[in-house]
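**Q** Before anything else, here's the structure in question.
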Amino acid sequence: MKILLIGYGAMNQRVARLAEEKGHEIIGVIEPQKNETTPYTHYDHITDAQNEADVAIDFSNPNLLFPLLEEEFQLPLVIATTGEKEKLIEKLNELSHNMPVFFSANMSYGVHALTKILEAAIPLLQDYDIELTEAHHNKKVDAPSGTLVKLYDVIKDLRQNITPVYDRHELTEQRTKDEVGIHSIRGGTIVGEHDVLFAGTDETITLSHKAQSKDIFANGAITAAEKLINQSNGYYTFDNL
């Protein structure tokens, strides 16, 4: 499989290493500016590389990605950028009429499993308060994480009229049943931790996922790419790939 990388930060550097270990080829990298230390061919546009690649894997940011998605091309896409999620999904759905597109805010299959466990738990715990917490390294710039937003969306689909609460320090009233607390922690080198707390009367239940290495996200993207290149045009997630 010949892979075009969109972005060459810490995540796509891992993708490159792990993909080559699996026998795949990195044909080039799209970066905002050419970097002499990047060991691959530099491209400015997807259109420049689409005839050389079987798939593009993106771990970048909206500033780099969105202009590229406006180009005229047909190449399977694995997208892991977080930020501006609604705008991104709308654009990817549009592109999916002409190419297979895979998107996940978190490329870990374990996180996908967590969402399925959450879907099963919510109907059983209707009277429990829910609090969501995520923790990441001190270099992560967006908050809450795309994964936590995904977990909140699962809850929103199954509980009617819920309200996200991001900060309680100015509130001087009791917690209401429709609230879902959302908390972000940034520090050190934490790879990624996500907790869903169900708090009931005299008991609590916690669903938790802790990433121990960023390799799980890189491997998840590579596995998605391996499957995606054999799919027909369409919009794919872990639910249907």
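In case you wondered, yes, glycine gets a Cβ from its N, Cα and C as well.
As annotated in Swiss-Prot:
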type	residues	note
BINDING	A80, T81, T82, S104, A105, N106, M107	NAD(+) binding site
ACT_SITE	H136	active site, proton donor/acceptor
BINDING	H137, G146, T147	(S)-2,3,4,5-tetrahydrodipicolinate binding site
ACT_SITE	K140	active site, proton donor
**Q** Expressed to the nearest Å, what is the distance separating G146 ((S)-2,3,4,5-tetrahydrodipicolinate binding site) and T81 (NAD(+) binding site) at their Cα atoms?
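**A** Between the Cα atoms of G146 ((S)-2,3,4,5-tetrahydrodipicolinate binding site) and T81 (NAD(+) binding site), the distance comes to 9 Å.
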**Q** Within 10 Å of T147 ((S)-2,3,4,5-tetrahydrodipicolinate binding site), Cα to Cα, which of the recorded positions T82, N106, K140 are there?
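**A** Of T82, N106, K140, within range: T82, N106.
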**Q** Tell me the Cβ neighbour count for K140 (active site, proton donor), meaning other Cβ atoms within 10 Å of its Cβ, over all protein chains shown.
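**A** So the Cβ neighbour count for K140 (active site, proton donor) comes to 15.
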**Q** Going by Cα-Cα distance, which of the recorded positions (H136, H137, K140) sits nearest to T82 (NAD(+) binding site)?
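**A** Sorting the recorded positions by distance from T82 (NAD(+) binding site), the top entry is K140.
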**Q** Which one of these binding-site residues, A80, A105, M107, has the sparsest Cβ neighbourhood, judged by other Cβ atoms within 10 angstroms?
**A** A105
**Q** Rank the recorded positions H136, H137 by the number of other Cβ atoms within 10 Å of each Cβ and report the first-ranked residue.
**A** H136
**Q** Compute the C-alpha separation of T81 (NAD(+) binding site) from H137 ((S)-2,3,4,5-tetrahydrodipicolinate binding site), stating it in Å without decimals.
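**A** H137 ((S)-2,3,4,5-tetrahydrodipicolinate binding site) has its Cα 17 Å from the Cα of T81 (NAD(+) binding site).
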**Q** Cβ within 8 angstroms of the Cβ centroid of H137, G146, T147: which residues besides those meet this for the (S)-2,3,4,5-tetrahydrodipicolinate site?
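**A** After dropping the recorded site residues, what remains is T82, A105, N106, E134, H136, K140, D142, S145, L148, G192, H194.
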**Q** So, three-state DSSP: helix, strand or coil for the residue listed as 'active site, proton donor/acceptor'?
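**A** Its secondary structure by DSSP: strand.
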**Q** Just to confirm: which same-chain residues, 6+ apart in sequence, have a Cβ under 8 Å from the Cβ of S104 (NAD(+) binding site)?
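**A** Counting only residues 6 or more apart in sequence, the Cβ neighbours of S104 (NAD(+) binding site) under 8 Å are A80, H112, G220, A224, T237, F238.
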**Q** Report, in whole Å, the straight Cα-to-Cα distance of the residue listed as 'active site, proton donor/acceptor' from M107 (NAD(+) binding site).
**A** 15
**Q** Taking the recorded NAD(+) site as A80, T81, T82, S104, A105, N106, M107, identify the other residues of that chain whose CB atom sits within 8 Å of the mean position of the site's CB atoms, giving them in sequence order.
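**A** The answer, listed by sequence position, is I79, F103, G146, T147, F217.
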